[in-house]
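These notes concern the structure reproduced below.
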Amino acid sequence: MYLSKLNLNYFRNYIQSEINFSSNKIIILGNNAQGKSNLLEAIQLLSCLKSHRTNKDLDLVYRDRIYGEIKGEITRNYADYSLSILFPAKGKRELKVNYEKISRNIDFLGIVNTVLFSSLDLDLVKGSPEYRRNWVDNLLLQLEPVFSYIIKEYNHVLKQRNSLLKRLKKQGITNYEDLSQTTILELNIWENKLIENACRVMRRRKRVLDKLEPLARLWHDKISNKTEKLEIIYHPNVTYDRDDIQEIKQKIQREIEDKRNTELLMGVTLVGPHRDEIEFVINKSVARNYGSQGQQRTLVLSLKLGELQLIEQIIGETPLLLLDDVMAELDLQRQQQLLDCLGNRFQTFITTTHLNYFDERLLQEAQIIRVEKGKIV
């Protein structure tokens with residue numbers, strides 16, 4: 001997989017820029033707040049239609065312009081693609097594949113595969129459960145594009161059910177037995193849809209984490225010289241023993257029934273994968289509570305290398321690797337381990353403020369792009 005060209009029009013702090021990539025190693029050099037990370041964000045958007053920095057399209061549009069646009073040309077083993085995303089300041093995105101408009105995200109996802117490793121990813125360990133859920137969901141979007149529909153449908157149902165519970169709370173109804181038959185019927189409709197989509201989300205999260213764990217563990221063994229054992233533990237909000245659809249649905253149903261009055265009292269849905277947790281354990285201790293800064297960095301590095309390997313195994317091609325200001329976060333040993341592991345197999349985009357992180361051989365092989373105030377100089 002190879003990205004040969006990127007065009008940015010009124011995207012972030014770029015007015016109009018065209019960049020042709022001519023190497024498997026691209027170093028994006030510049031001072032802070034010049035637009036280096038914006039380039040990687042654009043590539044990430046071509047991959048999963050999501051940004052790790054914002055969920056508002058208006059943030060992506062240059063100042064007071066009416067639209068922003070990203071275009072990319074990608075070469076895969078079986079075909080070449082021209083992709084574009086238009087972000088209106090108001091309204092819905094416009095997606096094109098090979099110059100033809102498409103209406104479904106699922107037809108865009110999976111063409112470009114990326115693994116992003118940014119300084120923000122250190123929050124995978126110490127950050128909120130939501131951060132970890134978003135991380136695994138973004139991985140799923142690339143491996144199973146249909147997941148974009150599943151998670152969108154789940155979030156829609158969750159929003160509708162929460163709206164109903166909030167309305168009932170305002171009415172002072174805190175007991176399920178006090179509900180009218182009409183309200184019970186409405187609640188049941190949203191419950192059935194919630195259970196169906198919750199089951200789909202939970203099973204896919206469990207499945208992808210089960211595949212990722214042994215790969216990340218091998219990398220962790222290598223980086224830590226086998227002094228530490230990594231475990232990735234998925235804690236679904238509703239626990240289940242077997243990957244059996246009916247059993248999982250029944251357990252979700254029972255959990256909802258047990259919490260009905262509490263949900264009415266609080267006016268919010270308490271059952272479902274929006275409350276899942278993913279736990280990282282090192283030598284039987286939860287990394288969030290006990291891991292040193294060095295251990296946390298080793299852990300995140302192992303996860304990212306595991307992601308690269310998993311995507312390559314399933315897709316059959318090497319994904320693009322986006323390294324956003326991570327060299328400064330890693331000590332010299334981990335920097336070298338990362339670069340050694342990558343070799344020349346992955347097209348890698350690295351943002352940095354200094355070139356002294358890299359050895360002479362890599363600098364000779366790499367294409368160095370200098371960024372200043374949203375311009376390629």
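Here the Cβ of each residue, glycine as well, is placed from N, Cα and C on the backbone.
As given in TrEMBL:
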- Gly30, Asn31, Asn32, Ala33, Gln34, Gly35, Lys36, Ser37: ATP binding site (BINDING)
- 1-354: domain 'Endonuclease GajA/Old nuclease/RecF-like AAA' (DOMAIN)
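Mean pLDDT across the domain 'Endonuclease GajA/Old nuclease/RecF-like AAA' (1-354) comes to 92 in this model. Within the same chain, residues at least 6 positions away in sequence whose Cβ sits under 8 Å from that of Ser37 (ATP binding site) are Arg53, Ser118, Asp324, Asp325, Thr351.
Local packing around the binding-site residues Asn31, Asn32, Gln34 was summarised as the count of other Cβ atoms within 10 Å of each Cβ; on this measure the leading residue is Gln34. The local packing around Gly30 (ATP binding site), expressed as other Cβ atoms within 10 Å of its Cβ over all shown chains, amounts to 21.
Most Cβ neighbours within 10 Å, among the binding-site residues Ala33, Gly35, Lys36: Lys36 holds that distinction in the structure as shown.
Lys36 (ATP binding site) carries a helical DSSP state (H, G or I).
Within 8 Å of the Cβ centroid of the ATP site, not counting the listed residues Gly30, Asn31, Asn32, Ala33, Gln34, Gly35, Lys36, Ser37, the chain contributes Thr351, Thr353, Val371.
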